[in-house]
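Colleague: Just lifted these from TrEMBL, have a look:
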ACT_SITE  102  active site, proton acceptor
BINDING   9, 10, 11, 12, 13, 14, 15, 16, 101, 102, 103, 104  ATP binding site
BINDING   159, 161, 200, 203  Zn(2+) binding site
Ligand SMILES: [Zn+2]
């Protein structure tokens, strides 16, 4: 049975790198994959960017109200047609898996779509994302993935103190902030640039003055 996987981690835990590596591993074996991400992520628009400098264009973007399963089926058909033209008889034409970056930004219904792609369409789905926001609450997509994914895998990264990082501290112009919208839109000059630091529970509470959420 095909499964829905949620590979989650704090910011900077190498999720996009892991995703691109997974795609490469499939393709090295002559298999086809589809890559997708939510439309909300304006950074790099339609590309998956790893911090190591690798980038790759996604096959499709999932808009806020889109039916992710319908988009997948459309792309799966296109891939089959494209592959079919140049295939040897023993080569597979179908896609081997769907890889989704920034899955925390998908809606609950879209995560349900991913679940159905795995269970009803029989294609494994590997969703990569951040578990919680800068105020330590789960993103809607992540909450749903944590609830229904068949397999949860943590991608670990280290806090500045050496402990495992589990939170994502938000800085604006270098200063930690603990209020604001779940998704930050960058604007203004350098003094307003939003960055994130992966933090362990101890360092998060130290920076927030004991506040959690
Ligand atoms: Zn720490």
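Even glycines carry a Cβ here, placed using N, Cα and C.
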Colleague: For the ATP site made of 9, 10, 11, 12, 13, 14, 15, 16, 101, 102, 103, 104, how many Å separate the two farthest Cα atoms?
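Modeller: About 15 Å separates the two most distant Cα atoms.
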Colleague: Please identify which of 101, 102, 103, 159, 161 has the densest Cβ environment, defined as other Cβ atoms within 10 Å, among these recorded positions.
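Modeller: The residue with the most neighbouring Cβ atoms within 10 Å is 103.
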Colleague: Can you give me the Cα-Cα distance between residue 161 (Zn(2+) binding site) and residue 13 (ATP binding site) in Å, rounded to a whole number?
Modeller: 16
Colleague: Ligand 1 is in the model; which of the binding-site residues 11, 13, 101, 161 have a C-beta less than 6 angstroms from one of its atoms?
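Modeller: Cβ under 6 Å from ligand 1: 161.
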Colleague: Are there recorded positions among 102, 159, 200, 203 that sit within 10 Å of residue 15 (ATP binding site), Cα to Cα? If so, list them; otherwise say none.
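Modeller: Cα within 10 Å of residue 15 (ATP binding site): 102.
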Colleague: Can you count the other CB atoms that lie within 10 A of the CB of residue 13 (ATP binding site)?
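Modeller: Its Cβ has 22 other Cβ atoms within 10 Å.
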Colleague: Including all protein chains displayed, how many Cβ atoms other than that of residue 203 (Zn(2+) binding site) lie within 10 Å of its Cβ?
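Modeller: Residue 203 (Zn(2+) binding site) is surrounded by 18 other Cβ atoms within 10 Å.
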Colleague: Which residues does residue 9 (ATP binding site) neighbour through Cβ under 8 Å, counting only same-chain ones at least six apart?
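Modeller: In sequence order, the residues whose Cβ lies under 8 Å from that of residue 9 (ATP binding site) (at least 6 apart) are 15, 130, 131, 154, 155, 156, 157.
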